[in-house]
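Reviewing the structure listed below.
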Amino acid sequence: MRKVFSKDEWLGNVRGDVLAGIVVALALIPEAIAFSIIAGVDPMVGLYASFSIAVVIAFVGGRPGMISGATGAMALLMTTLVAEHGLQYLLAATVLTGILQVLAGVFKLAKYMKFIPRSVMVGFVNALAILIFTSQLQHFVDETWVMFALVGLTLAIIYLLPLITKAVPSTLIAIIVVTALAIFMNFGVRTVGDMGELTRTLPMFLIPDIPLNFETLQIIFPYALALTVVGLLESLLTASIVDDATDTESDKNMESRGQGIANITTGFFGGMAGCAMIGQSVINVKSGGKGRLSSLVAGVVLMFLIIVLGNIVVQIPMAALAGVMIMVSIGTFDWSSLKTLHIVPKSDVAVMVVTVAVVVYTHDLSIGVLSGVVLSALFFAAKISKVKVMSLLVDGGDKRIYYIKGQLFFASVTEFLTKFDFSEEIKEVELDFTHAHLWDDSAAGALDKIEAKFEQHGTHVIKKGLNIESTELMDKIGGITKGADH
Amino acid sequence: MKKLLVATDGSEHAKRALLKAIDIAGKDEEAIIDLMYVVDGETSKADVLHYGDSDTASFKREKKLKESVELVEAEGIKANLIIEHGDPEETLIDHANSNDYDLVLVGSRGRNKLQTMVLGSVSHKLVKHIDAPVMVVK
């Protein structure tokens, strides 16, 4: 495990890290507020989370330069828990999520990420983008044209300003302009202040106010498990993206553990569970952030701004936030996956689409990922269970040679058995396994069955070309079924 | 013309710049063409999503750009592949100015529509900040 207090990781890029940290802090504020609203809690819960997670992860994370905080993926998982049981249960679930993530780090589970197919990951980000987008639609219900105009203006500034200057983050300018417009023109549109309280104080250490019993655990455990999986998934994906963008390595198990420590701390300080953020991390790297200092600066500046400018923040119109969230969802969506839709294998497209559909239907990213993984496994089994059997009649019609090509295992034996003609009037059959492999007892059993059926008909069976592993398997478990028949 | 730098992203536009560079270098045995590809944040996101991890993504990029290198070498010209990570414009300008190039070639129009909208100013920026002569190939 790498040293946490590596001088280079902290002070190797001070100027770049401080500047990028400030840019990220400004971009984090509207997102943290919007994600709180998605989860159904006060804006402070998301702001405390982004502050605490960004600061803690700066010290204990495994991927310097990556930004973590309150995220949409996590917020979407909390909605039901908050609605049915309230904030205190969310804080407890956050602590439990952290504990599970620390365990995942300790037991080095990061390597199991490779069992999640890429088409499922693409489905994951696309579903996330769609959910963030649809979560904003509620803000348009029963609204006047003013709302639509302000959202349009926000998006126009966000996308057009970078054409003129990239010196200031366009999201921030969009929010300032739209907020100023709403205040001076007195539009009377809904603001952040209408969505919940924003206390301008530092977070305090508090033990979640819940009964510590089995019933509580039963309530929070399923949520904590989903949060753990989704949090690690997005964090490790983001870590790989930052690895690539900065051309450096990271410690994925240390990052899993770090995300856990950050969530435990956050739960005790009144924040909601979070994880790494793809968009913010890309912004950080683009703005010159590489080291641990960038995440620390982002967290500290965010809290400072909330304490100093809290009374202005509550006046930000929901229209501006909705605009920012629409931008976030457009940025999250993997558009290249649509462009390559006609090139990639149809089964991969199906997995991606099913993952997206399940998430959009259930609003639960973890169920979507699970469905995607299961479907991929089924497709894989279907693909690999195609066994080719060709045969040739030799010796003037007395002997038939079967050439077998493929993988013989539980999923392929049923079809495999149908390829033989057991009633043919011949003296001898030869089974050529040079291009086949026997994997399990189903395969060994099938072989025994074939032999038995031919011999019942008075046809002698010769097996040829079994590779070493397959032969060992047959020696170990073959012959049992045949023996039982007699 | 001994030392040329060509910015590439594997697109058709970049290929036109490369062909022009081969044309200019001619059959000069001492000529060297440096091919430069810069990976930015958005590219990292898309590539990691599609190839699984950073190592595989790097491998795929090298493989893709190998074709361009072979195109140069087939003409008997020496070629180097340089892959950097960062902001494409800044990285290209830095690299061009910290090495002695006789000519820097860039294709006009990059990959997608959004970039097309912005790219007029990109080639302008490159021409303005790179010390060596810059040729924008249409």
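Glycine is treated like the rest: Cβ placed from N, Cα and C.
For reference, TrEMBL has these:
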TRANSMEM  A:44-61  transmembrane segment
TRANSMEM  A:89-107  transmembrane segment
TRANSMEM  A:119-138  transmembrane segment
TRANSMEM  A:144-164  transmembrane segment
TRANSMEM  A:171-189  transmembrane segment
TRANSMEM  A:219-239  transmembrane segment
TRANSMEM  A:260-283  transmembrane segment
TRANSMEM  A:295-314  transmembrane segment
TRANSMEM  A:319-337  transmembrane segment
TRANSMEM  A:349-382  transmembrane segment
DOMAIN    A:401-486  domain 'STAS'
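Below 8 A, the CB atoms of the transmembrane segment (A:349-382) and the transmembrane segment (A:89-107) form no more than two pairs separated by six or more positions in the chain, fewer than 3 in all. With a cut-off of 8 Å between Cβ atoms, the residues of this chain six or more beyond the transmembrane segment (A:171-189) that come close are 26-27, 30, 146-147, 150, 153-155, 157-158, 161, 312, 315-320, 323-324, 327. Across A:89-107, A:119-138, A:144-164, A:219-239, A:319-337, the stretch most heavily in contact with the transmembrane segment (A:260-283), judged by Cβ pairs under 8 Å, is A:89-107. Ranking A:89-107, A:119-138, A:219-239 by CB pairs under 8 A with the transmembrane segment (A:319-337) puts A:119-138 at the top. Applying DSSP to the domain 'STAS' (A:401-486) sorts its residues as follows: 37 helix, 24 strand, 25 coil. Using a Cβ-Cβ cut-off under 8 Å and counting only residues 6 or more beyond its ends in the same chain, the transmembrane segment (A:144-164) has close neighbours at 170-171, 173-175, 177-178, 181-182, 187, 189, 317-320, 322-324, 326-327. Beyond the transmembrane segment (A:89-107), the same-chain residues lying 6 or more positions past its ends with a Cβ under 8 Å from any Cβ of the stretch are 39, 41, 45, 78, 81-82, 208, 210, 216, 219-221, 223-225, 227-228, 231-232, 253-268, 270-273.
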